[in-house]
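Engineer: The transmembrane segment annotation in Swiss-Prot covers 58-78, 85-105, 122-142 and is backed by sequence analysis. Per Swiss-Prot, active site is recorded for Asp111, Asp127.
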Amino acid sequence: MWYYLIAAVIIALDQFTKYLIVKYMELGESIPLIADVFHLTSHRNMGAAFGILQNRRWFFIAITAVVVIGIVISLIRLGKKQPRASLALSFVLGGAVGNFIDRAMSGQVVDFLDFTLIHFPIFNVADMAITIGVGILLLDVFLDGKKNR
C-alpha cells in the first residue's frame, strides 16, 4: 500500500509544480536560480524524453496506459516480497501518471527544470521520478545478481 502512496505523492508534487509554472510563468520565460547553471524555464514538450517523437499524443497515452497497468500488476505480485523493486516501480508509476495527465489534458508535457550549465534537456518532477525509479531498479538487478552468485 505504501508504494501507491509514494506514487500519489510524486503525482501531486509533479502536478503542483507544473501548475505553478503554467500559472506564474510565460512560455519560454527563464528565471535563473543559479546564474548560468540552473534556471526555471517554462517549456512544453509534445514528445518523449529529449523531445523525440513529437506530436504523437495518442501513441504516448496508449503506451503509458499499458505501462501503468503493467506496473500495478507488478506491484500486486511483488509487494513486500521485493521492496526495492516495488519502491522503484512506485517512482516510475508516479512519474508516468504525472506526465500522462499532462498529455491527456493538453497534449503536451510541462517541463521547467533547466540545467543550463551542461545544456541538458529541460525536464520536470515526473521525469526525475522515472529516472530515479529506473536507477533503483538497475541497482536492484545488480545487487540481486551479486547475491545470487
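Using N, Cα and C of the backbone, Cβ positions are placed for all residues, glycine too.
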Engineer: Whole-number answer please: how many Å between the C-alpha atoms of Asp111 (active site) and Asp127 (active site)?
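Structural biologist: On Cα coordinates alone, these residues lie 9 Å apart.
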Engineer: Using Cβ atoms and a strict cutoff of less than 8 Å, what residues sit near the transmembrane segment (122-142) while being 6 or more residues removed from its termini?
Structural biologist: 10-11, 13-14, 17-18, 41, 43, 45, 49, 82, 84-85, 87-99, 109-114
Engineer: So which of the active-site residues is most packed in, judged by how many other Cβ atoms lie within 10 Å of its Cβ, out of Asp111, Asp127?
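Structural biologist: Per the Cβ count within 10 Å, the most buried is Asp111.
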